């Protein structure tokens, strides 16, 4: 039983990697994983949490390999942005099937497919209890979806960016390779930078730090972990200003 029955956060930005949607598949979207994630988001909405979502596109397209093979980086990034729109459409559909009101906003205009990103409208929708999915990254090449998550989190005045990954927090080393890797429960922004811990790319991380936006890294593949994070239970790694 939770020692903290009230949610720890009122408005969140949930960042999901595209890879998280693959499940056990090597590519694309696993429908079972998609539906489970939609159900977990539904639980938050039922708790009265305002939820914004940013999804990566790595399950459908990775631009780095093609860029190394000679493709123009801007073209590759545009393709990656469109991959995030495809994931966003899938998530919106899964939420609608779970009877959750959701809107998809894209940083690139896609008339007839989804809404254009509008900051004021997004906040209004969140206040009305709708889940808002932000697609197409920031709309600019050379910016990761982690940067988009931090940017949108700051814009919608979220209390935290929740980064759902394949591991249950931030470790001193890669836990997949180093059996002696130690998990951190709480870190300051400076500790992450000084120890060169892999949380997200530097541009995204410094954006969060400069705007005092806490980041909580947790394992989205672990059933119930998202709810535990929201309820303030010990789950994942919490990165914030400790001064």
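Any Cβ shown, glycine's included, is placed from N, Cα and C.
Annotated ATP binding site per Swiss-Prot: 15, 16, 17, 18, 58, 62, 165, 171, 174, in sequence order. Taking Cβ-Cβ distances under 8 Å and a sequence separation of 6 or more, the neighbours of residue 17 (ATP binding site) in its chain are 55, 56, 58, 145, 164, 165, 166.
Break the region 'Involved in allosteric activation by GTP' (23-28) down by DSSP state and the numbers are 0 helix, 0 strand, 6 coil. Residues or ranges marked as region 'Involved in allosteric activation by GTP' in Swiss-Prot: 23-28.
Contacts of residue 140 (UMP binding site) defined by a Cβ separation under 8 A and a same-chain sequence distance of 6+ are given as 107, in order along the sequence. Following the DSSP three-state reduction, the secondary structure of residue 140 (UMP binding site) is coil. Marked as UMP binding site by Swiss-Prot: 57, 77, 138, 139, 140, 141, 142, 143, 144, 145.
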Among the binding-site residues 138, 144, 165, which residue has the fewest other Cβ atoms within 10 Å of its own Cβ?
144
Given the binding-site residues 57, 58, which one's Cβ is surrounded by the fewest other Cβ atoms within 10 Å?
58
Return only the integer: C-alpha distance in Å from residue 142 (UMP binding site) to residue 15 (ATP binding site).
18
Does DSSP put residue 58 (ATP binding site) in a helix, in a strand, or in coil?
coil
Where residue 57 (UMP binding site) and residue 15 (ATP binding site) are concerned, what is their Cα separation in Å, rounded?
12
As a test of the contact definition, list every same-chain residue at least 6 positions from residue 15 (ATP binding site) whose Cβ is closer than 8 Å to its Cβ.
53, 54, 55, 56, 145, 146, 149, 161, 162, 163, 164
